[in-house]
Amino acid sequence: MITFFPLNLIEQFSKLPNFYYLVIAIMQMMSLISITNGQPVVMGPLSLSICIQMIKDFIEDYQIRKSDDAENNKKIYLIRTNEIPRIAKWSELRIGDLIKVQKDEQIPADILLIQTSDKWGNAYIDAQNLDGETNLKCKNIQQNLKQLQEQTEEYLSALKMTIKYERPNPYHYLFRGIAEFNNEPITLSQENLVLRGCVLRNVNFIYGIVCYNGHDSKIMLNSMKQLLKCSHLERTLNKLIIFIFQLQIIMCGLGAFLNSLWQLIYNSQLSYLEILNTEFNHNFIKNLFLQWGSWILIFSNLIPILLLVSLDIVKYFQGILITIDQGTYSSEYDIKTSVQSSNLNEELGLVDYIFCDKTGTLTKNQLYFKCLTVNQKSYGKEQTIKNEKVSKSAQVLKVDFSDETFFNDLNQTPKRGPLHEFLLCLSLCHNVIADNNNGQLLYQAKSSDELALVNFARYCGYTFEGLDESNRIIINIRGEIQLYQMIHVFEFNSTRKRFSVIVQDPQNQIILYTKGPDQIMENLMNPISPELKEKTWKDLQEFALIGLRTLLLTKRILPLQIFKEWENGYLQACCASQNKDNQIMNYQAKIEQELELIGGTAVEDKLQEDVGPTIQYLKDAGIKIWVLTGDKVETAINIGYSCQLLNKSLQQIIVDGNNEQSVSNELEQAFQKIQDNNKNSLIISGFALQIAMKPEFSSILMKIAEKCEAVIACRVTPKQKQDIVQLVRENKPNVTTLAIGDGANDVNMIRAAHIGIGIKGNEGLQAAKASDYSIGEFKILKRLILYHGRENYRKNQTFINYNFYKTMLLVLPQYWWAFCNGFSAVLLYDQLLYESYNLFFTSLPIVLYAIFDQEFAADIFTSNPAIYCINKKQKLFNLKIFLYWIFNGTIQAAILSCLTFSIYETSSIYNGMMSDLWTTGAILLGFSVLISNIKIIVCSNNYSIGVIVGLFGSFIIYIILFIIISEKMNQSEMSNSLNASFAQQKFYLTSLLVIGATSIFDLAFTQLAKWSQYAKVEIQHDKVYSLIKKQHIELQDEQQQNQPIPYTQIQQINFPKSHIKQDFIDLAQSQEEN
């Protein structure tokens, strides 16, 4: 609390508008230039603005503080030498402390595992908070420390052990250390380290030594604050604020110069002003700077003081509307759309590129075993029997297979032959964890692929039942238990791209089982018969063409002597203190050779609901979609057709070279192909992409991709996903990119894009937490972009333009009045009314407009993507459109000034008396309030009760404050002004005249645009507008009859480049575009 206020004040005044008004407040206290009698009146609204921002920041910081306190005050069982074991807070933990964690408790620090209730020294943890994966992970005690398993808590509390390990780092899967125990060095790895944030499962308790704590723990080192993303609208706004400030300086300088020049010319005629020769007014240079300062104070409201605060409020409520919108709610998964970065609401209306993960994003990430190929025969393409006839395990999940031929062949050679080897490999080669829960066998796996494969083996009667006390794999083969001794496990990673186990079978044979993608496994296999290879690869190709994910299964029987020699070196590599990981992978690669083919598998990952129509709508909206997947080229192409990303009208360009020369040639050929064809699609492999992204090839790659409606990148790594997004951003800096994914491997891509969207799926919440918006299903993206994005962009740009427009109506009449008073820097308005203009008279209506206005029903936008395409291409917020609003406000301010001054300053008002300057200024300010609120009526498309109350309420507040100042504040210069204004008919006649004159100006500008060369566009515009209105009525009628919404004829119309709604803003915009 003590440090919050000074630090937050520094942060607030680092914002350009706040610092600007702070300078204005200081200038108002300078008596020589002050127009407020030396009072810093701007500090009132400035303080209000800063207070709102500080309250918002305080609430956010307080919530973080509460969360931190709740985390730090959690309890843990602490054991320290020479202390009684006790329950302690997490915040009390220190490096070297021994702690005990019970089942289902969260791990409070990164700890070295030294004892568990599991007799094998294993601990199963839920790491969803850490990496977003929902599967359980297995940690274990280092082999040489398992002697501690049988020790008592008293022994552990007195344990003397020296542990040397690397400094804190953010890498979850990297830990190297050496423990000195009983004068013996023991190598430690990440398998022995349990990380903070994980939850203990499946074991009753563990003991561990704290290695990293607090901010040094890996979860904290990975929880860096995400860089704040700034929308195109905000970036443009910052530039326009600087532009307005420069314009203000120039205009004020001109006014000061003209005043000094006027005084110099007419000085001899100004004796009645009693100007002394010693006064500044008589000195041209000094008067110039003094008047310049005074004019700056008069023009201070050119930059709206509440612009940023009110824009934040608008975006916050727009975010709430996105969240509560039933169209963004996933009923299938019961997930609401969450808005983490509401400052990007309008950026959703400018999306040019979408980078999309496949698994879990386009698909459900619920894999089902579908097909297999063994010994030149494929199975699973035909569904010939019912599931209940296949196996006694009728409740087996993740399997969609009922080929009677397979079971007939399997029964002909029970427990032997190729199919037996195939199922045996599936039940042995995996890292699935079996849990017997009340007699029900449940599986936990690191991936859905593993679950599908092991479940298929179980489906066929080869049931994996877990590990026994001797670390032997228990396999129930159709009622017969067989035990296989687990020797080594080689985990899958992005470098190896395969998974292996070494086991000893009941006949004491040592067997290596390996599975992986065919392009990896092919180079590791012994030569096989051409017929077998041709048939197997043909089957895999056919599986891929129907969108299935394939793997090859292989084995190698290891002679004992060869295995022993290899194992000696492998164990030494596992104990190496330097370059350990590379040495281990090298030894793994040495043994994974001379493999024999067993067969191939194919699993299906089904598409989510409405993925195809959603992608088609987005493509019709002018958005280019890139799908980034780990699948092989054939699978990716088939998925592309399934989700409507590809179609027969697109020329397919495939870049799949395996060296730099071939990739270069394929890129050159592709570039030639696209010259005469604008309907193309690019499919590129991960290896070719790695070469194509080099500086010498990246430019031609982007030229090819730019002429493609769709791009699919296959076999890409998480790092390549991020690199692809950055490549597009670097080569096309003016486009807006959006990345969407569902897993931890998509986080870098999501953060690299202008907009990141995470799907709360089966791979955890890592992507959702790192994103700007999180959704439940891919199909919600259509409504989020085409409706909310488009509308928020339209309303927010109007909000900003309007705020500068209304300040022109307020400030510029003083400049026009200056032509009548020798450019004397005299404030025309009562100070209280002047400062209330932005605070009370014109702030609420535009905020309500920006939150609730709706041009058409949401279904119109989502059914007609061409509307979004028009909006995106025309860029409603740019310098020309902004200058139009400024020009419009300038002209209307001139009209207000001329009418008001000519009526109130040149004729009597009542009883032969003329209006004084302050009354005229107050009336002029009232007209500015009236016209600015009418402007919102002109821009609005619908009028809720709240908007109407806001509009009339704002003007009523002005009238009430006017009456109070006039009748109750006797010291005010406006005292008794009521009789000269609201009590006279002239005021109401002038009001009608002012409204008519300004409205005529707007209509005149619209007609001028029609008479221009864009008249044809406007005619088409009217037709489109009428058609959409007609469609809207038809759509409502169809909805009342519970009929589906059609994809209507409006999609075939050649839309003009102007906006659907016919008004001067869009006409000016169409001029800018053309």
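Quick reminder: no glycine exception, Cβ is built from N, Cα and C everywhere.
Note that TrEMBL annotation is computational and uncurated.
Among the features that TrEMBL reports, active site, 4-aspartylphosphate intermediate is placed at Asp357. What TrEMBL lists as ATP binding site is Asp357, Lys358, Thr359, Glu450, Phe492, Lys515, Arg549, Thr629, Gly630, Asp631, Arg715, Lys721, Asn745, Asp746. Positions annotated as Mg(2+) binding site by TrEMBL: Asp357, Thr359, Asp742, Asp746. Marked as domain 'P-type ATPase N-terminal' by TrEMBL: 2-37. According to TrEMBL, the domain 'P-type ATPase C-terminal' annotation covers 768-1009. Annotated transmembrane segment per TrEMBL: 20-38, 240-262, 292-314, 882-904, 916-938, 945-966, 986-1005, in sequence order.
Confidence annotation: the domain 'P-type ATPase N-terminal' (2-37) carries a mean pLDDT of 86 in the model. The Cβ of Arg715 has fewer other Cβ atoms within 10 Å than any other of the binding-site residues Arg549, Arg715. Measuring Cα to Cα from Gly630 (ATP binding site), the recorded positions that fall within 10 Å are Asp357, out of Asp357, Asp742, Asp746. Counting neighbouring Cβ atoms within 10 Å of each of the binding-site residues (Thr359, Asn745), the lowest count belongs to Asn745. The Cβ of Asp742 (Mg(2+) binding site) has 32 other Cβ atoms within 10 Å, all protein chains considered. Of all Cα pairs drawn from Asp357, Lys358, Thr359, Glu450, Phe492, Lys515, Arg549, Thr629, Gly630, Asp631, Arg715, Lys721, Asn745, Asp746, which the record names as binding ATP, the longest spans 25 Å.
For Asp746 (Mg(2+) binding site), the nearest of the recorded positions by C-alpha distance turns out to be Asp357; the candidates were Asp357, Thr359, Phe492, Arg549, Arg715. Highest Cβ pair count under 8 Å relative to the transmembrane segment (882-904), across stretches 240-262, 292-314, 916-938, 945-966: 916-938. Burial estimate for the recorded positions (Asp357, Asp746): highest at Asp746, by number of other CB atoms within 10 Å. Within 10 Å of Asp357 (active site, 4-aspartylphosphate intermediate), judged by CA to CA distance, lie the following binding-site residues from the set Phe492, Arg549, Arg715, Asp742: Asp742. Among the binding-site residues listed (Thr359, Phe492, Arg549), Thr359 has its Cα nearest to the Cα of Asp742 (Mg(2+) binding site). The DSSP breakdown of the domain 'P-type ATPase N-terminal' (2-37), given as helix, strand and coil counts, is 22 helix, 0 strand, 14 coil.
For the binding-site residues Phe492, Gly630, the largest tally of other C-beta atoms within 10 A is found at Gly630.
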